[in-house]
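Engineer: My questions will all concern the structure given below.
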Amino acid sequence: MEPHNHSSLAEFVLLGFPRVGHIRGWLFVLLLLAYLFTICGNMLIFLVIRLDAALHTPMYHFVSILSFLELWYTATTIPKMLANLLSDKKTISFSGCLLQTYFFHSLGASECYLLTAMAYDRYLAICRPLHYPAIMTPMLCAKMAAGCWTCGFLCPISEVILVSQLPFCGYNEIQHIFCDFPPLLSLACKDTSINVLVDFAINAFIILITFLFIMVSYGRIIGTVLKIKTIAGRKKAFSTCASHLIVVLIFFGSIIFMYVRLKESYSLTLDRTLAVVYSVLTPLVNPIIYSLRNKELIKAIKRTIFRKGERANPTQH
């Protein structure tokens, strides 16, 4: 069936950040700097881990994949936000809106699964150190990473199909900073209770199950760490997973309030605030958290920079 039979709207208007007025330029600069830092920071971590043989371990393998994922995660929303801040015409096509929603949720679901895989890796390393090398092999790491991406990109398909079948026949202004399921459902001129129920079931399964698994893993990790007799030993053991736990709490803390709720009415201010947290703030702080709290990664970055400097000046000794 043709898409035009389902929707009389060819495009939507993304209102983005309303009532910014004269600070629009400053907001653009701030968002642009955040995006550039996110791109540079995550790209640096990804390349350093791939180039430095000392970091070719399962833990850093997953960190590099997370950084690579964040590059695409931010690319689905922030460039359009920047364009809308400069343009008076803040439109996005119907198909473009659905594609943005699909890729944003696919990459978000992939991140949920990836953070769970990272928690399992830390659980094995701390709670079962003798079996860790035999269990967490390069082949298993590759399979887990592939599974995270595959499951992530399969999850939102049913939601996108259901939304694409809804009629949008009037008001076309999306009260959000990017296309997403909740604001799209509020524009449909048809009962969307089935869509809300499906969204809730899928989001609750992905978000709550993965978050529960992560918390159980860290519960066992903390229990094992507390059994270590020396303070230095406990500090060393927990330092390997502290960065990951901080990222988990920031990311899941925002998306749980945003997506695990069974209702059709939404607080626009709260939604925009939470959207900024999980779409801009989390990818921005990830490189900071992983680099500042990880001495081994900082050393690897310095080794990589100095090695490139030596190659650029081969005659200097």
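Backbone N, Cα and C define each Cβ position, glycine as well.
Automatic, uncurated: that is what TrEMBL annotation is.
Not my notes, these are from TrEMBL:
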TRANSMEM  25-48  transmembrane segment
DOMAIN    41-290  domain 'G-protein coupled receptors family 1 profile'
TRANSMEM  60-82  transmembrane segment
TRANSMEM  102-120  transmembrane segment
TRANSMEM  140-163  transmembrane segment
TRANSMEM  200-221  transmembrane segment
TRANSMEM  242-262  transmembrane segment
TRANSMEM  274-292  transmembrane segment
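Tell me what's around each of these sites.
Structural biologist: Within its own chain, the transmembrane segment (25-48) has Cβ neighbours under 8 Å at 17, 55, 63-64, 67-68, 70-71, 74, 78-79, 81-82, 85-86, 280, 283-284, 286-288, 290-291, 297, 300-301, 304, counting only residues six or more beyond its boundaries.
Outside the transmembrane segment (60-82) by six or more residues, the chain places 14, 16, 28, 31-32, 34-35, 38-39, 42-43, 45-46, 49-50, 92, 100, 103-104, 107-108, 110-111, 114-115, 117-118, 121, 138, 141, 145, 148, 177-178, 279-280, 283, 286-287, 290, 297 with a CB less than 8 A from a CB of the stretch.
Beyond the ends of the transmembrane segment (102-120), by six or more residues, the same chain brings 59, 62-63, 65-66, 69-70, 72-73, 76-77, 144-145, 147-149, 151-153, 155-157, 159-160, 178-181, 206-207, 210-211, 213-214, 217-218, 241, 244, 247-248, 251-252, 255, 278-279 to within a C-beta distance below 8 angstroms of the stretch.
If you look at the transmembrane segment (200-221), the same-chain residues 6 or more away from its ends with a CB under 8 A from one of its CBs are 109, 112-113, 115-116, 119-120, 122-123, 126-127, 155-156, 158-159, 238, 241, 245, 248, 252, 255-256, 259-262.
Through the fold, the transmembrane segment (274-292) approaches residues 31, 34-35, 37-38, 41-42, 44-45, 63, 66-67, 70, 73-74, 77-78, 104, 108, 176-178, 180, 243, 246-247, 250-251, 254-255, 257-258, 298, 301 of its own chain, all at least 6 residues removed from its boundaries and within a Cβ separation under 8 Å.
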Engineer: Across the domain 'G-protein coupled receptors family 1 profile' (41-290), what does the pLDDT come to on average, as a whole number?
Structural biologist: 88
